[in-house]
């Protein structure tokens, strides 16, 4: 009997090959954990290029350019993208928001990576829970989306210090976004960790990432000509092999170009589109055009008006972009929320801090609901592609709950008794240089400074950003960017001078990011003489901060309340916890936490009048609500199913 051979039995060879492929698909499905589970998605996902023999591997060319077109493998590819920031959306809602992006007719997700949240202390990294970048990217892949990653290290994004960690500012000579050794050393260590997670997610390794952005809008900053080549090399040296992009607006496009990197543009109008495309052509010749950020709305600042961009204008501009043959990314598709204290600020002339809501007047609302923009763009993208988009998911439920009436109270002055021993210093110490958090300083929240005075006069100093001044426990006014002096009334003998300073958000865009230290900056003067011997309390308002206030520390709300103060109440929720919005009529300025989740700041200067409370953060039954109020409390906290941002989100 002749020996069996592959050459003589082609049918059996084909059968074995099919069996091998089938086994591969089954094994791949088995090892890829279900998205949405608590396990890290992709942790068990194999690198199939190391498992399969070379003769079974498909050639993966990745995203590349061919004349005026993007190519993905051998096909022309037009990027239709939308931005969602995983760190601004509760993890339980990631799937809902990504499905809505896909159902709008888009094929690509873009997201920033916030360094300050992922490395809150030097060398201490957090990619868990709501910061699980890998889980977010694998979820996008499972839904059928490609990914463009924007890892910074600077990201702007209306986030505190543009996503850079505040501990960088401990160095008095720090020069952010340059090749200053203190900065590049920190970037290198961060990228060592981050890119070890990102590299396996690239397209050529079997993941969904088709492109990576080099820094962000550096042409507008342009502080160091060696910096962008350094960032490009830092990415490549750590294994980034997909297409690299830059992203610049009209102020920096010509200065933001890097050799070997495709330039893209950021804009909001058709006029800008024509002008910037002309500049692109002169810079890099015939290359694929992409609007990396088409601004679908804009962010809001405290004390300003709510920004709105009409849906008809959005439709016209997006139509013009895609008919021009450009790829596009909708910034934002879904903005989400600046939970906690992560919001940024602008400081061109006047300092303006961003509000808690990052609704952005985007395609989806802050709570993930549809808008007129969504409906119009979904129809446009469906017509353009010739393929009907998937059906959009149903809306998440909203609920109006019974008002929360605070039952318990703790004044800040009494709360100091239960805090860690204060820091003592001859002179004031700014927030970033406080000896807390394992030597990394304080990033967010408030700082209380105390000293003693024995006379009246004029108090002056540099307060960043807003300081409430007290004599003993009595408030006498505020110091901020515009009010730099305050009169101390006549006092008799020993008096405690206190200043409660709030970091309202570090600037995230502009040339003054190196000077974003918060708290008392330098000396505090009384009658032009520096005050000495301070006690300093770090009030970062974290979950750990509030754990020291056991129930026996609270008292019943008195008739006469001493401010600032903490208030404790309960929100009663039925069988099915649902999204809601908290309305704080009668309250002035402060912070709300529900079940240890910091919903963010409220302030009666507007435009934001409600705080978004995701239903997934609520439990059936009683839910703990803590309010920190600076100056005056209302009688209750109301609940509504419609947000108040200066517009009806359902008809725009």
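Note: Cβ is positioned from N, Cα and C throughout, glycine not excepted.
Nobody curates TrEMBL annotations by hand; they come from automatic prediction.
Residues or ranges marked as domain 'Glycoside hydrolase 35 catalytic' in TrEMBL: 69-382.
Annotated active site, proton donor per TrEMBL: 217, in sequence order. Under 8 Å, Cβ to Cβ, and six or more positions away along its own chain, residue 217 (active site, proton donor) finds 156, 247, 248, 249, 252, 256, 266, 509.
Positions annotated as active site, nucleophile by TrEMBL: 293.
The domain 'Beta-galactosidase 1-like first all-beta' annotation in TrEMBL covers 441-540.
Positions annotated as domain 'Beta-galactosidase galactose-binding' by TrEMBL: 564-623.
Over the domain 'Beta-galactosidase galactose-binding' (564-623), the average per-residue pLDDT in this prediction is 98. Residue density at residue 293 (active site, nucleophile): 26 other Cβ atoms are found within 10 A of its Cβ, drawing on all protein chains shown. Secondary structure by DSSP for the domain 'Beta-galactosidase galactose-binding' (564-623): 3 helix, 34 strand, 23 coil.
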